[in-house]
Amino acid sequence: MRASGFAPTQFTLPMVVASCAELMLLEHGNNVHGLASKLGLFSGNSAVGSSFVYMYSKCGRMEDAYFMFEETTVRDVVCWTALIIGYVQNDESEKGLECLCEMHRVGGSDERPNFRTLEVGLQACGDLGTLVEGKCLHGFVVKSGIGCSEAVKSLLLSMYSRCGAPDKDLLSWTSVIGVYARSGLMDECLSLFQGMQVSDIFPDEIVVNCMLSGFKNSTTINEGKAFLGSVIRKNYALSQMVHSALLSMYCKFELLTRAEKLFFGMQHQNKESCNTMICGYAKMGLHVKCIELFRKMQHLGIEADSNSSVSVICSCFLLGAIHLGRSLHCYLIKVSMDENISVANSLLDMYGKSGHLNIARRIFSGTQRDIITWNTMISSYTHAGHSAEAIALFKKMIAVNFNPNSATLVTVLSACSHLASLGEGEKIHSHIKERRLEINLSLATALVDMYAKCGQLEKSRELFDSMEERDVISWNVMISGYAMHGHAKPALEIFRKMENSNVKPNELTFLALLSACNHSGLVEEGKYLFGKMQDLSLKPNLKHYACMVDILGRSGNLQEAKDLVLSMPIPPDGGVWGSLLSACKIHSEIELGVRVARHAIESDPENDGYYIMLSNLYSSVGRWEEATNVRKMMNKKGIGKTQGWSVV
């Protein structure tokens with residue numbers, strides 16, 4: 001190959017180096033090393049560096065292997081494992097274990113120990129007779145799920161035997177419990193755990209850690225809490241390993257006091273415990289504490305992982321502290337954490353939802369994309385009212401052969417609804433049919449909503465009637481569809497069907513119904529519905545009151561409307577007073593209208609509509625001077641009439 005003038009690549013070179021290693025051809029390997037350096041094949045590639053680490057280790061040149069490892073800037077599990085194997089096979093098992101610990105401490109997602117790494121780690125523990133380190137590795141084996149194979153079980157038995165603890169019964173129980181826990185079969189785990197104690201085998205920290213990890217990832221909350229209680233009462237082998245698992249459980253079940261007591265009582269707060277606590281604070285809604293602990297971690301030199309970084313980003317957004325989010329973004333770039341796809345998606349979500357679409361676009365353009373990335377960017381456009389851009393991005397997603405999921409389709413259908421773009425909505429519906437995509441409850445509801453908002457009520461109703469399952473949102477969408485087009489009777493018909501289906505209506509249901517009654521002048525039905533809310537223990541909000549006042553006022557029941565406003569358990573806002581003021585204008589109730597207008601202006605002094613309505617009220621009865629004074633007041637306060645606009 002070289003004689004023909006062809007240079008080796010980053011793909012061919014590792015195979016040549018591996019051959020040198022197997023044949024123990026150190027001199028040839030050195031020559032290949034020089035060629036690789038000359039051609040610049042080490043840059044940004046872990047495979048080339050790893051192959052030389054392996055070759056030097058195989059040839060017994062551990063100093064050269066370590067030097068090569070240090071020179072390899074991009075490391076993966078293969079590179080780490082090659083160095084660890086080299087140490088163990090060259091009778092330096094202690095250094096091998098130190099290297100394995102360092103790998104676990106600083107390694108990223110591509111540097112997690114695999115079966116081969118753990119195999120040589122267990123061999124090192126057996127060589128040194130270090131039972132404590134061996135148990136730690138056993139715990140990692142169970143937690144990671146690697147321990148399900150017979151090969152690993154044999155290695156564990158060998159390690160325990162060589163360390164002077166040939167407790168095969170305990171190992172057997174642990175292995176079986178580990179398999180069930182990883183599979184989420186926690187009822188079986190509990191039965192095994194109880195059977196273990198009946199057999200007079202006392203659980204060690206590995207078994208307890210295994211159980212706690214299983215409950216942390218399962219949905220059996222009550223059983224998990226019960227097991228947690230037994231661990232605390234019986235004080236099972238509370239090692240550092242069990243402390244970490246306990247902390248995760250406390251955070252999962254939102255037991256703040258216990259979590260903080262355990263965390264702050266730890267002699268050494270390590271990377272795992274700090275990251276777990278940060279995620280716990282975020283889960284419990286303690287966003288300030290989440291950010292404060294993250295800052296403390298930085299001062300202590302403890303690295304955050306992707307999960308805690310995502311939690312802190314979410315906390316910054318939920319607190320409205322986008323400036324802190326931007327500072328965090330800078331830090332994440334500095335430590336190259338922004339390249340993690342989960343972190344990038346969270347940053348994209350934070351900027352998109354807070355209206356910083358330019359930054360969101362830059363992140364989207366510069367990051368590796370998964371379905372969440374696409375969905376987040378489309379959602380950001382829709383959330384910001386940029387519905388056309390959301391639809392355009394969806395089309396681009398399809399063009400690059402990235403398959404949307406139901407969340408994508410729900411979001412882009414919402415964009416079609418906002419634009420009342422029937423054509424685009426129908427194309428998306430056709431796409432769903434052509435790809436034979438599953439139409440779940442959310443997607444079916446989004447289609448019903450889109451057709452209703454685009455004026456296709458018959459199609460909307462057809463889809464609604466064909467739904468096998470409906471929740472309160474589905475019913476509300478259909479009721480709102482009729483209401484927005486002024487069709488009160490079909491809206492009331494749907495409501496009666498909703499009641500018969502045993503789905504409890506909520507505040508939005510009644511707001512849509514009251515709006516429908518208002519458009520159609522159905523006063524008695526409106527009164528009935530307003531009373532029905534209180535029968536169902538639903539408290540009317542300001543929008544409900546404004547709508548009810550409008551229903552009464554427009555029908556001429558001004559006294560009843562006024563009494564309703566005065567009896568409100570919450571202070572009326574400008575919307576409520578505005579509804580009553582509008583009724584006063586319609587029915588020429590000047591004196592009442594003037595009093596109401598004052599209340600409306602006090603509630604919302606920047607709303608030009610109230611001033612104009614009051615001015616028109618005066619003008620309608622020839623009180624021109626007072627009408628002029630209202631206009632002058634507007635000018636004095638710098639309040640101008642809002643200009644209308646049209647897309648035609």
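The backbone N, Cα and C atoms fix where each Cβ goes, and this holds for glycine too.
Taken from TrEMBL, the feature repeat 'PPR' covers 169-203 (among others).
Long-range neighbours of the repeat 'PPR' (270-304) within the same chain, counting only residues 6 or more positions beyond its ends whose Cβ lies under 8 Å from a Cβ of the stretch, are 105-106, 240, 243-244, 247-248, 250-252, 254, 256, 259, 263, 311-312, 314-316, 318-319, 321, 324, 331, 335, 337. According to TrEMBL, the feature repeat 'PPR' maps to 270-304 (among others).
The repeat 'PPR' annotation in TrEMBL covers 370-404 (among others). For the repeat 'PPR' (370-404), the residues of the chain that approach it from at least six positions outside its boundaries are 341, 344-345, 348-349, 351-353, 355, 357, 360-361, 364, 411-412, 414-416, 418-419, 421, 424, 428, 431, 435, judged by C-beta separation under 8 angstroms.
Among the features that TrEMBL reports, repeat 'PPR' is placed at 440-470 (among others). Across the repeat 'PPR' (440-470), the DSSP tally of helix, strand and coil residues reads 23 helix, 0 strand, 8 coil.
Under 8 Å from some Cβ of the repeat 'PPR' (471-505) lie the Cβ atoms of residues 441, 444-445, 448-449, 451-453, 455, 457, 460-461, 464, 512-513, 515-517, 519-520, 522, 525, 536, 538, all in the same chain and six or more residues away from its ends. Look at TrEMBL and you will find 471-505 (among others) tagged as repeat 'PPR'.
According to TrEMBL, the feature repeat 'PPR' maps to 506-540 (among others). The residues of the repeat 'PPR' (506-540), classed with DSSP into helix (H, G, I), strand (E, B) and coil, number 27 helix, 0 strand, 8 coil.
DSSP states for the repeat 'PPR' (471-505), grouped as helix (H, G, I), strand (E, B) and coil, give 26 helix, 0 strand, 9 coil. For the repeat 'PPR' (370-404), the number of residues in each DSSP class (helix H, G, I; strand E, B; coil) is 26 helix, 0 strand, 9 coil. The helix, strand and coil residue counts that DSSP assigns across the repeat 'PPR' (270-304) are 27 helix, 0 strand, 8 coil.
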